[in-house]
């Protein structure tokens, strides 16, 4: 019992220590910071976290050693919405995988949160979840809905629609309509599935922005570009102060449809209101209204003008010659016979935006052959295919190998080759021009179309042309390749150098027209010179905008009129006006690439056309409206001037912002680099590490590893992208005091000694000079609080095992150890252990049972004295003296009883025994006991073999026989007898009666006579009994097989012999013969009865055979 109590106290103490250590580890794991979101994609996200400092995770004073960084497992949990319920996904990150994880298979445009948890699976310690980090995945809808269309407007409302502007291939669920004032924040007005809505509750004469958001099954799209509109003024605002109320009487004559007056209206006691006109359709250059007569003005001027009579229809008016993408006001103007003018409320409408123009307002464009103004019915403008040629040239291969073949003096054949894929709509355009042999650079206006068709050859009959080029075109998509290299053909007759082709001449006519030199000279001489002023250019368009360049394109709003003067040149000038006005381009091209720009640089340009006559006179057209654009931002330059702001164990790194932000503010700085331990070992590899990110220009690296070389570089991240890495900044962390000894192991080796072993910790840049070991004795009353120092030892640095001696038995001690170097002393670690108790006294040995070759022994531990330990021994050693006079072990274990087998019969054996507190520890084994002697007995005689043979000789008389036994003793005499026992067979569930001895003698048979009235079944068994000496000792063998028998014969029945089935063997010891069942015949009479029985059986068999034979005859 004392031993069990000692083990229970020891286990309770170890369990409490383990729980305290686990609690400290859980607190360290719970200090993990929230994860950080690095990059967000529509279906993926990159997450990083700060690893736990292993020096803080390791606890001192417990059974666990220092924690290694490779033992940590980080689990990342992703939740949809809030961190409730089961996570959407869970990821387990091994130590070698780093602290950055890419999570995939997310839903686009969905709110998620992520947290991280650190665990120590080998120590069965799990930390708490970190604080969650929230993020929303990006939308995968690349198309942004176009801006909504503005319809009718009033002082407090406006009508918007988007039916023709939506991409119906998207699975749109609802449409969110938002509006805001010019400088206010957007507010959601409604959300529905209709294609138009009326926004109410607005303020009169106020500018608003309106946009829409498409809500689909996979998320919301980005908001559309806002549409700008202004509500109409109220009745009090729109009427001038000099306008008085109208007459009370009704109008005397009907309104005249086509009369427009701007005079003031007279006063009247009754106000007559006219409903405003209705918008019937809005187009690019016109607006169709239903009413008459009308006035209109541009929204920015409020200067109303009457509509021309030619624009009225039978039920309204179609106002044309308007500018695209501009807002206009309309109102009804009705004159009365009294001279007053009644005007209705103002309604507003916006013309559509041309798909080839930008969002800036343009000046009025006159109809030309390339752009057709909308008709009175509201047709949209048509653009010629020449506008798209510059944008789509690179889609086709350039024709090559342009060659000439002279047919005669006036005709030649041109051939070329096309290496691209041919298709049905592929055609070729061959152009010619007049140039000198020295200068092949011609303006675009000097080229003429000579051939247009699918063939790769053409015959030229015009002898004035001597420079040719060809291009491929897709006639269905209106896309064309770039022009081939010009081919100069030497002509006999020299022609003029420059000419402007007639726009009305078809390609077929040019290819077949041939003019003689005399006719061309005559036409040039007789043509009159007309001064031509080019029309205004369109607003410059910008495309291919980058952070340092952009393409500018423009064109004439009207083509040049027909003229016979071919001695003029058309050039274009592009002027930049956002700074000091300066001409940045002058040439015959309608496209120019602006380069060497700065990021986020605003550019404003305008263009004009100039006709230069042969004499050098310039006819300059008007400047076009100003077009503006802005370059994009780009990645910033690298951070600079990296330095250590704070040195020490927790260094802080500082730096200067990038010198060039390139148009975008810095969002964050990312610190990456390597760290290499300064151990002097060439095999040490550098470890890549992401130290963290911050939005400031300094970052604390935390508690870094001592004596480590760091190489850190910084990347700046802005809206324009990631900058190049900065210059690598290198520094070494200072050495510190060594780490505490690790892998502590303590054990008791005797009742007065404890052994402590350990592994030295990291040196941290300074070699370990030694260890200091303190031995504390803990009091039995309060082991955790009361302790006192009993010894202190200084140990050299090369020793990792120490044995503390001269201790008290069965006493709890605490051994505390620290490591030392030149920098300082490490944190102390300690372990506790209890010394063994004093060896116990030997137990007392006694004999339980002796057989011929087996001795059964038992023992009891000795009663503890005051000088020995009070703890009961739990292990025993039993030895037996062998034939050589020495002792050999025969039993070892915790049992208090042993059975010794395979011994010599009738022999004296010698034994000794001792106790121990534990197995295999010599110091816990007590002394050997005195020698005990025990003897084995003689072997019993052999048992009767086989079953008993029982024959019923007559009624209630049985002959019992068995096989004889051969027994030879040491003296050569057969001193044994047979003992026959009989007992009535018990009924079911009755008690077996004691066996009764009916015969004891040397004859192997016996005749048993029972009472004739007895019909109970009997059981019989036989023992072999050997007599020993004169002291009436005897050895009894095992019982024979039990035989069962009963009387089943009538008085006239002849005797028969049967062998009874064996019954269960009995184990009772045979007793002396009883007087109840005494034999009535001698053994010789038994033999005579058997002989008579055999004769009777033979006689009966003979009679049966005779009867069978007679029946067969």
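Numbering starts at 1 and runs along the chain as it is shown here.
Cβ atoms are placed via backbone N, Cα and C, with glycine included.
What TrEMBL says about a protein is an automatic prediction, not a curated fact.
Taken from TrEMBL as is:
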{"type": "DOMAIN", "residues": "31-140", "note": "domain 'Fibronectin type-III'"}
{"type": "DOMAIN", "residues": "144-234", "note": "domain 'Fibronectin type-III'"}
{"type": "REGION", "residues": "219-273", "note": "region 'Disordered'"}
{"type": "COMPBIAS", "residues": "222-235", "note": "compositional bias 'Polar residues'"}
{"type": "COMPBIAS", "residues": "236-261", "note": "compositional bias 'Low complexity'"}
{"type": "DOMAIN", "residues": "635-736", "note": "domain 'Fibronectin type-III'"}
{"type": "DOMAIN", "residues": "740-841", "note": "domain 'Fibronectin type-III'"}
{"type": "DOMAIN", "residues": "842-940", "note": "domain 'Fibronectin type-III'"}
{"type": "REGION", "residues": "1047-1089", "note": "region 'Disordered'"}
{"type": "COMPBIAS", "residues": "1080-1089", "note": "compositional bias 'Polar residues'"}
{"type": "TRANSMEM", "residues": "1095-1112", "note": "transmembrane segment"}
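As a whole-number mean, the pLDDT of the domain 'Fibronectin type-III' (740-841) in this prediction is 87. The residues of the compositional bias 'Polar residues' (222-235), classed with DSSP into helix (H, G, I), strand (E, B) and coil, number 1 helix, 4 strand, 9 coil.
With a cut-off of 8 Å between Cβ atoms, the residues of this chain six or more beyond the compositional bias 'Polar residues' (222-235) that come close are 139, 141, 144-150, 153-158, 160, 178, 180, 186, 202-213, 299, 327, 329, 345-348, 350. When DSSP labels each residue, the domain 'Fibronectin type-III' (740-841) comes out as 0 helix, 54 strand, 48 coil, counted as helix, strand and coil in that order.
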